[in-house]
């Protein structure tokens, strides 16, 4: 039987800019960051936490620039894989894909499954048992899979509803905290006044404040083939997402810092969940709402990342790389989703998450995975930043600032982040293992690229279908 070409082609023009924004907001999981992970920034930034978040937004814009600029020319479910392959050649594209498969699985199951389980056990220690966290992880993975399976419109309907409520609760709660602080409000938290180590300590804190925004570009660009007028909608959605997320997180970080007191942020970082503590102090209703939207925030992350991962794996299978089964490129005729790819992502991600959870427990296991996955994620952005000037020149649209200066800044920032996670020494066990595995994956990705090239050659490794990588010339 001859299969219709539509069986392997994503539906075009399904989602617009607004849906893309909330797909990305789900990946950013603002409430989960605000109530759970903001302590990572405060650990080093202390009373200058709002400054660190502000600088994190600025520096992420430099990092995001590559995805933004490539989206002017390319609309592909392969996202950074296609960007690398089109700019630096198929060999580098395969290397990029091997890095993406590593961090996409670890990042998804660590924060989305184990992070959610850890958060729930934190607010109710009686739920801290193996049976409970395994049930939570399986349920989270299954729900995300079902949203992905039933199509991108169903997924983004959920993201819009949950995301608007989530951001509203955070903004209202933060404003009430700021009002209750009265004369304690001060803009000095946007300076180094309350941080003993000065600028050097601020930059160290930005390891975390920059990472808060990771996932924005991939979550949007991986849906470009399904977007209306993608070369415009994708870039607008990227900027809109950073504006909404940046303002929200800066406001929340300011409220938390003022609420605890800039000189008392040591207590903030020692609290098991300082965000919940602050909201409970202002209003018990807001406290309950924050718990609800934080759980929803984790689930929003799961749905968004499941959507993105499913599409990049579909793209890998379509290109015939990474030794993935070609069946992953099949599209559901009714729902328009890469359903075999969704099943694959569900099984692999859940298996890896459970393995780390059993080895270290859900909280430490999730953090170890997050630490390890960062190196491949940073490498992905470095490769894209290196490739951008070459592709812009090829397209006859080269501009020094956007296509050379900004990428150089992005590479510098990312290289510094990698360096400071290892210098003067890797962190203590088990995070040292995570560092070694994360760094070790990069040469392993290179080795697997060489093996794949030797076995298959490069003729089949670059997406060539006209619907895959539309450029500005034929869009």
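Glycine is no exception: its Cβ is also placed from the backbone N, Cα and C atoms.
Keep in mind that what you see is a predicted model, and the values were worked out from it rather than measured.
The average per-residue pLDDT of the prediction over the domain 'Amino acid permease/ SLC12A' (38-420) is 94, rounded to a whole number. Look at TrEMBL and you will find 38-420 tagged as domain 'Amino acid permease/ SLC12A'.
If you look up TrEMBL, you'll see 44-63 (among others) marked as transmembrane segment.
For the transmembrane segment (101-124), same-chain residues at least 6 beyond its ends with a Cβ under 8 Å from one of its own Cβ atoms are 29, 32, 36, 132-133, 136-137, 140-141, 144, 215, 272-273, 276, 291, 294-295, 298-299, 301-302, 305-306, 308-309, 312-313, 316, 322, 345, 348-350, 352-353, 356-357, 362-363, 365-370, 372-377, 380, 441, 445. Annotation comment: TrEMBL describes 101-124 (among others) as transmembrane segment.
Beyond its flanks by at least six residues, the transmembrane segment (130-152) meets 14-15, 19, 23, 109, 112-114, 116-118, 120-121, 158, 223, 226, 298-299, 302-303, 305-307, 310, 332, 335-337, 339, 342-343, 345-346, 349-350, 353-354, 357-358, 362 of its own chain at Cβ-Cβ distances under 8 Å. The transmembrane segment annotation in TrEMBL covers 130-152 (among others).
TrEMBL lists 164-182 (among others) with the feature transmembrane segment. Panel annotation: around the transmembrane segment (164-182), residues 22, 25, 30-31, 34, 244, 248, 251-252, 254-256, 258-259, 278-279, 281-283, 286, 289-290, 293, 296-297, 300 of the same chain, lying at least six beyond its termini, place a Cβ under 8 Å from a Cβ of the stretch.
The transmembrane segment annotation in TrEMBL covers 202-225 (among others).
Residues or ranges marked as transmembrane segment in TrEMBL: 237-261 (among others). Under 8 Å from some Cβ of the transmembrane segment (237-261) lie the Cβ atoms of residues 17, 20-21, 24-25, 28, 30, 33-34, 38, 41-42, 47, 49-50, 52-54, 57, 60-61, 64, 67-68, 71, 167, 170-171, 173-175, 177-178, 180-181, 184-186, 189, 212-213, 216-217, 220, 267-268, 274-275, 278, 281, all in the same chain and six or more residues away from its ends.
The annotation transmembrane segment is assigned in TrEMBL to 281-301 (among others). With a threshold of 8 Å between CB atoms, the same-chain residues lying at least 6 positions outside the transmembrane segment (281-301) that come near it are 25-33, 35-36, 111-112, 115-116, 119-120, 123, 140, 143-144, 158-159, 162-163, 165-166, 169-170, 172-173, 176-177, 180, 259, 275.
If you look up TrEMBL, you'll see 339-361 (among others) marked as transmembrane segment.
Feature annotation from TrEMBL assigns transmembrane segment to 367-392 (among others).
If you look up TrEMBL, you'll see 404-423 (among others) marked as transmembrane segment.
What TrEMBL lists as transmembrane segment is 429-451 (among others).
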Long-range neighbours of the transmembrane segment (44-63), counting only residues six or more past its ends (CB under 8 A): 38, 189-197, 201-202, 204-210, 212-214, 216, 242, 246, 249-250, 253-254, 256-257, 261-263, 265-266, 381, 385, 406, 409-410, 413-414
Interface check, the transmembrane segment (202-225) with the transmembrane segment (429-451), three or more C-beta pairs under 8 A: no
